[in-house]
Amino acid sequence: MPKLSQQAPLVSSGSGVIASQTFADLIRAALRDILLHRLDLPALVGHLTGIFGLSSNESFVITPVSTNVATGLVAATAKAVGKTGSVDNEIMEAVALAGSRGTSARTHDSKIAIIGMSGRFPEAADLDSFWSLLVQGVDAYRPVAPDRFDAHAHYDETGRRKNTSKVLGGCWINQPGLFDPKFFSISPKEAEQSDPAQRLALQTAYEALEMAGMVPDRTQSTQRERVGVFYGMFTQGGIRAFTPGRINYHFKFSGPSITVDTACSSSLAAIHVACNSLWRGDCDTAVAGGVNVLTNPDIFAGLDRGHFLSTTGNCKTFDDDADGYCRADGVGTVILKRLEDAIMDKDPILAVLNSAYTNHSAEAVSITRPHAGAQELIFSKLLRETGIHPHDVSYIEMHGTGTQAGDATEMSSVLRTFAPDTGRLSNQTLHLGSAKSNVGHGESASGVTSLIKVLLMMKHNTIPPHCGIKGRINHRFPTDLRERNVFIASQPVAWDKPHSGSGKRRVFINNFSAAGGNSALLLEDAPTRQHPETKDPRSTHIVAVSAKSSTALVNNLKRLKVFVQDNIHNLDLLAKLSYTTTARRIHYPFRAAITASSSDQLLQGIESILLRDESTKPATSQKNIGFVFSGQGAQYAGMGRHLFQNNETFRTQVLACNQICLSQGFPSILDIFNQGVEMNNLEPLVVQLGTTCLQMSLVSFWKSLGVTPDFCIGHSLGEYAALQAAGVLSVSDTIYLTGIRARLLQKKCSAGSHAMLAVRAPLAQVHGFFNPSIHEVTCLNSPHDVAIGGLVADIEDLERELAENNIEAVKVSVPFAFHSTQVEPILDEFCAAAESVQFQTQRIPVISTLLGEVVLPEAKAVFGPEYLKRHCREPVNFTAAAQAGKDANIINSASVFIEIGPHTVCSALLKSNIGPNAVTLPSLHRKDDGWKVLADTLAGLYHSGLRINWDEFHRDFESCQEVLQLPSYCWDNKNYWIQYVHNWTLTKGDPPATTAQTPALELPENSTSSVQKVIQQTDGPGPFVTIVVQSDFGSPRLAEVAEGHKVNGEMLCTSSLYAEIGMTLGRQLLEKYRPDLQGYSTEIEDMSVDKPLILKEKNKETLFRAEVVHDKSTLTAAMSIYSVDSAGKKTVDHAHCILRFADPKSWLDEWERTYYSIERSVRWLEARVEQGTDSLLSKGIVYKLFSSLVDYSPSFKGLQEVILNSSDREATAKVRLQAEKEDFDYNPMWIDSFGQLTGFLMNGHDFTEKDQVFINHGWRSMRCAKQFRKDAVYRTYICMQNVDKTKYCGDLYIIEDGVIIAVFGGMTVLPPRRGADAIHTPNPVAAAPAGLVASTKAHVRRPLDIPTRAQRQASSPQSGAIHRILVILAEEVGLSLETLTDDLVFADYGVDSLLSLTITGRIREELDLDVDSSTFTNCSTLGELRLFLAADQKLDDAVACESSNGQHTPQTSDKGSGTLTAQKPDHDTDSEMTLNRVCAIIAEEVGISVEELSSSQDFQELGIDSLSALTILSRVREELQLDLESDFFDTHPSFYSLQKTLRGTEGASNRTLEPNGAIPSRHDLKSDLGNIEWQSGQNIVASAPHATSILVSGSPSTARMILVLFPDGSGSAASYGALAPKIRKDIAVYALNCPWRTNGEEILRLGVSLDQMVAKHLIEVRRILDNHQQSRLNGSIDLALGGWSAGGILAIEGVRQLRQTGIVVQKLVLLDAPNPIGLQNPPPRMFHFLDELGILGAGTGKAPTWVLQHFDAMVNLLKSYRPRPLSAESAPKSLIVYAKDGVCKDPKGPQMDTKPDDAREMLWLLYDRVDFSAEGWKSLVGQQNLVVGVVEDVNHFSMMNPGPKIIEMSNLIGDFLLGLN
């Protein structure tokens, strides 16, 4: 053994200095110390003191290797030796980092990088305001926010009153309802109904991802399938799984989706789970956080009863008077990655998470009490695992709830671990704090709130003051905190990184929960970023900004402008800003791109865009990219040099081409990239080869950026590179052909003997100077550009002659006259050389400039040696090529051209051929800086909507690759908030009231002259409000109304009085019961007068009542008016209508667009008076003529003058209202005065028969946006249309001071014969469908000149039916009508398959129109839907009775004087009405206004999926009688395609829509079911939620039978979306939705039985049945029930229950329903097996959680259900259709492990069936009543999928129902 040469002393940790002489001795000593001796630190300190004491240095450094004693050792030694000591952890960190950079198998060793964060906090809507709040020490406590609940109503100082608390305040997020649903493709209606915490989680997740610069799928660690989402959420009442689920769904992440509930520590526990997922390799990126939004007082009461909450204010953390915690809102999100992935992806690392851990305080004295030992265990574990000494931790963010027990326990555990004594050095201070003292306790969001606070502290290098100590510090804390170097900041404290040791700050974050859980994180600073020495060489940069709306884009630009102004002196700003805004952002359709070489120039560019408002139109990605390859004559030295020097892709391709050139014997081409070379000194071979290689390298460059050509066109030499880009030639062959041709030219042709002349003139003009014997046309470049070839002398002579005639001509800088006789010597040899080249089939179209044709890939071989031979000799016909491209639609308005060449030669030619608007973009430019050219071109491509690979663009410039912390996305937020009302939590647990509750604020007993006495006023059950009022028609004031309106001597009640009563009651309903509808007005819809109310004698008591029923979950109420006797018993029904509540501003906005057409019609009538065609009738004449029909009192005589056009049934009048007492809301005499024009028009025109009188039978809608004034002068206008024999309809417009203020829409008159009998027994008229809003527009004169299509579209108004559909759509989605525009994308507003079903179902039911639910799949925008509807004649025929069918536009004189010439107008086609109606349905279902729909949008962006499409089509079918295919939205995905289809639809049915009766409310129907056996559970049946239905197929007005399908185990009507539309159209098919479709757990919680479940569905069935019977003349219709799977069992129970109420079900349809006798329900594992196969997810993957929950609930219901046989008289004829196959039919496919004793129904589902006897069903309905059908090649689930088998099954069903089989 050699002796050791001691370079440094070796010190033993046990025995002291080692004096070993040999290596063997040293090893023995080391082993003894390791295995035998104890660690003796005092001895070690003594030895080190001796060594360091001999040194002259004033400081020493200890470097630990795999030990954590270094910090303590330094402290003790420094004290002993009197010198400064420090720890250098470089070795340990290097080892840790090296380990973290290992393979994926080593992910468990990785540190976790935090790369993004965002949040919403009390009084702080963003991170900046949160930091401002923290650093200023703000206490955010305030009284309960008024948008949450009435704090005083739920407050009880004594704490004794049930469901109250002693808390009056908290910490609140301002406006937590703010959300941008369109951005996330959620409908406004769905947004309002979703948990606000989910919405804020979505927005903060996006903002955090944006801060992280995360673009999904950009790198290996950001692949969507490798991103997980983890959130903490504990508050009951929300569906917690949907919080991460919504985020995953929006971003299409498919990694783990987990909600963690550990009460107060939920968010930190969720972050721990996220870290574990990263360490385990389950995901590569994690979105983690927590949410807490306090929406009601419920939990306040419980927590207060548990003594958790402070009653005196905010959390007084560390204060001696701490008395509990303060509840708070909070939402926070962070983005996590493994450190090595974050470094590799150049992510902005905010901090590094060293470790995380969670445990439980099992040894605590109470589950809610923290345990110091458990907390210490976490601290020690994390320190030990990370090798960090406790003294290295400089800040601890405490949980700090402000409870006495919690604060003291936490302080004890922290101090015992991190500062047990005074061992911390002076530079090892430890600060403590808690965010809860500022923003309260966010409960499940508290941990992430603390984490974000710490991240902000690191960013700002400041410890904010702690504001929790209001008086004195907690007396339980140790008094020597300062001696321990522990501080609680009272002012902001600088917090810099340590200069010694690791140079990193270490932080602990502690979080524990009321349920006993403890979670903690150990953080440190991010690693220092290494800045490359090389600067970014690019002189010009591109900055991109995008948004999903124009307003968001403008606001994003404004925010960016402020950011640039604040950072304008940052020298690297522009390059890094370019990288951040391009490569590290998700890009959206509304775009702006600015190119700039300085920050000032960038600011100018932003300002220019904002001033020009260039952001209003979205870009589309459907662009047609053309690569245009220029020829010769534009080459210059150094072309492409900037790319050659700085872009690896371009340079690699150039060098590869150069190598091929050399290998083929050609010279090097690299000289052309040298600016110092003279081009004239390069031989043509080098120039031509170099040009072609340059072009091929540019193609590679563009392709690397994701820009690939859709077609190519090459000019002359450029066609070689074009053929290579199209795949015809390889790179090698392209070089070979170019080189051979150039070499032959040099060899066989004399350079400089010939020349080419570019002439700027048409060929015909040039021919005058052209000599064919010496001149040749070589290029036809454009209609005004030609090139001539010939000998130099001849060309110079021609140039001179042209100049003398002022024709521009320039010699082309080329050595040869290409495409002329000069090249003929090389042709044969060149052709022979080309024979060796293999010409491949092209991949994309090539526009040949030789042939002037488009050569498509499928064309037979065109390119070959002979082609190239001709190409060399024959002229270039660029003009013909461009025209051919246009003719073939290869070149169109969507085309974007990129010139592939050294200069913009072809760009000008393209504009000359195609037009100046052609988008042409250069790759290079002779005069301009290359980087500027490239930036401008990329900006152009970006504006065009192209998806660019920005990472590749920036890849070679490392210095710019830093993600800047830019302002976050600027949302188009609106407030979606459901107000907590009626203080319902106060009565939780109370016994159900035996009578309905009466609200505290009752209607006044004498409200108005028309509403005289309140008879009944109830709020309940459920959402229903009922008001019954009584009035005396013989009372003095109403007798005046009656006496002033005598018909044939009878004092008849005018319908205007009914309208006044409706508006009065509507106002009172809004005031008392709907404070959420402040500012709304009441519209009177579908007023139908059945029998007149007549006052027999003046002053004789004539009692009548008005009854209003309102469902508070809707915007409508039903009103009926009927006479009663003195005992209050109903005697005669007089009228009924619908009250609809709406914002009158939306009416005014709609009418404003109509006013122009109405005003022109009035002027047209006035012109007819001037021409003598029509007469102006005075007031006296009008009422004299009227007197033969109606005897009006002066109060009714408001008409001052009338212009009557009898032939067109059109009139206008001036109205001055008579002075009246103001004792009505809307004076009925004034309303009648306006409406009299209708009666006068119809009874005074030339075609009225002598014995006819037209009587008003109601109207479709009456909307009054403003109060009428007695001193105002009004103008009215109406045009009546014959819709059915003697029935006429029209809209009356009321105008004041140039503004339409009211519209009486769809006024209907019918002509009973004259006489008193006609009055007493008028023809009954059914009411229009309930629940509609419609507004037709009047006719406007059309000019004599045939208008353009654009003019027709511009002047075409919405029809009434369109508007009614829009209202339905707006209601279902949750938008106002004014927000419905054509560019509205249904997918943006959450119109999914279910919502589509709902909308189309309402259209069918309310408008009697058959619209397929797939309309919303085929029509992706409202604009497309409008066009679709406009094309369908069937729609217009169906609603012809409702409105005028077009508009007229006045004829103006040719001289433009404006003089009106009376011309009989043309009517617009009815297709526009159809389109408008469908648009209205879409808008209502999506939840936006019609105006928001646009042809530029895709329906999917509105949120329209298969289910919402079904809903929309259902409503179109029912309301418009328009039958669209169920896949309509699949085949019409955009508004344009829908518009085109609807406007082109012909052959529609000519049937007329007959108005239906009023739809009974659920409140009416419940009483009819009261004698059913489930009466004991009647509260469950009667209360909300309610079953809903969707009319999936058929029409109410034409149906011969109704089939109602009960939901299967999923609870969704969507299961029948494919089947129902295939069933015969004379069967109205309804599908039911379970009331608890998305909340199956409630079924179990409430203990719902199957009987009760069915009874809830039957309320909806009764409503459907009554609606159909009222709409039919014969008053009855056959009913069939049915169901698939478990739905069949529900259906037969429905048959039994309906029979008990006297309703007979004629037919029963069972679709693969399991045997109900002895039912053995499948176990949950089967459903999970099916879910894994994707069966339960309807082809979209795994089923949502709510589907599985509903399945579980149904299994439990069926388990306890015992079916009872039906009696012989009640058993319907029944059909059961079985699927023959089992799910596991394929032996090679997935199989489930089963046993013979497994559940019968499980085996029945999985394996092929052999028994089709249906014995169980026969025992219930009788063998004689049952028909069995079998469908082969389908299983239980696939039988419901689209395809031929579903048509087979639908035929079986249809034939059975109609008795055809």
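Keep in mind that glycine also has a Cβ here, set from the backbone N, Cα and C atoms.
Listed features, source Swiss-Prot:
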{"type": "DOMAIN", "residues": "109-525", "note": "domain 'Ketosynthase family 3 (KS3)'"}
{"type": "ACT_SITE", "residues": "Cys264", "note": "active site, for beta-ketoacyl synthase activity"}
{"type": "ACT_SITE", "residues": "His399", "note": "active site, for beta-ketoacyl synthase activity"}
{"type": "ACT_SITE", "residues": "His441", "note": "active site, for beta-ketoacyl synthase activity"}
{"type": "ACT_SITE", "residues": "Ser716", "note": "active site, for acyl/malonyl transferase activity"}
{"type": "DOMAIN", "residues": "1012-1318", "note": "domain 'PKS/mFAS DH'"}
{"type": "ACT_SITE", "residues": "His1045", "note": "active site, proton acceptor"}
{"type": "ACT_SITE", "residues": "Asp1232", "note": "active site, proton donor"}
{"type": "MOD_RES", "residues": "Ser1393", "note": "O-(pantetheine 4'-phosphoryl)serine"}
{"type": "REGION", "residues": "1441-1470", "note": "region 'Disordered'"}
{"type": "MOD_RES", "residues": "Ser1506", "note": "O-(pantetheine 4'-phosphoryl)serine"}
{"type": "REGION", "residues": "1582-1855", "note": "region 'Thioesterase (TE) domain'"}
{"type": "ACT_SITE", "residues": "Ser1685", "note": "active site, for thioesterase activity"}
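All features noted in Swiss-Prot, drawn onto the structure.
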residue: Cys264; record: active site, for beta-ketoacyl synthase activity; DSSP (3 states): helix
residue: His399; record: active site, for beta-ketoacyl synthase activity; DSSP (3 states): coil
residue: His441; record: active site, for beta-ketoacyl synthase activity; DSSP (3 states): strand
residue: Ser716; record: active site, for acyl/malonyl transferase activity; DSSP (3 states): coil
residue: His1045; record: active site, proton acceptor; DSSP (3 states): strand
residue: Asp1232; record: active site, proton donor; DSSP (3 states): helix
residue: Ser1685; record: active site, for thioesterase activity; DSSP (3 states): coil
Neighbours of His441 (active site, for beta-ketoacyl synthase activity) among the active-site residues Cys264, His399, Ser716, His1045 (Cα to Cα, within 10 Å): Cys264, His399
Long-range Cβ environment of Cys264 (active site, for beta-ketoacyl synthase activity), under 8 Å and at least 6 residues apart: Phe234, His399, Thr401, His441, Glu443, Ser444, Ser446, Asn511, Phe512, Ser513, Ala514, Ala515
Cα-nearest neighbour of the residue listed as 'active site, for acyl/malonyl transferase activity' within the listed active-site residues, His1045, Asp1232, Ser1685: Ser1685
Alpha-carbon spacing, Ser1685 (active site, for thioesterase activity) to Asp1232 (active site, proton donor), which is rounded to whole Å: 57
Cα-Cα distance linking Asp1232 (active site, proton donor) and His1045 (active site, proton acceptor), given in Å to the nearest integer: 9
Cβ-Cβ neighbours of His441 (active site, for beta-ketoacyl synthase activity) (radius 10 Å): 32
Cβ-Cβ neighbours of the residue listed as 'active site, for acyl/malonyl transferase activity' (radius 10 Å): 25
Other CB atoms within 10 A, centred on the residue listed as 'active site, proton acceptor': 24
Overall pLDDT of the domain 'PKS/mFAS DH' (1012-1318), taken as the mean: 84
Surrounding CB atoms that lie within 10 Å of the CB of His399 (active site, for beta-ketoacyl synthase activity), all protein chains: 33
Listed in sequence order, residues with CB under 8 A of Asp1232 (active site, proton donor) and six or more positions away: His1045, Thr1054, Ser1056, Phe1196
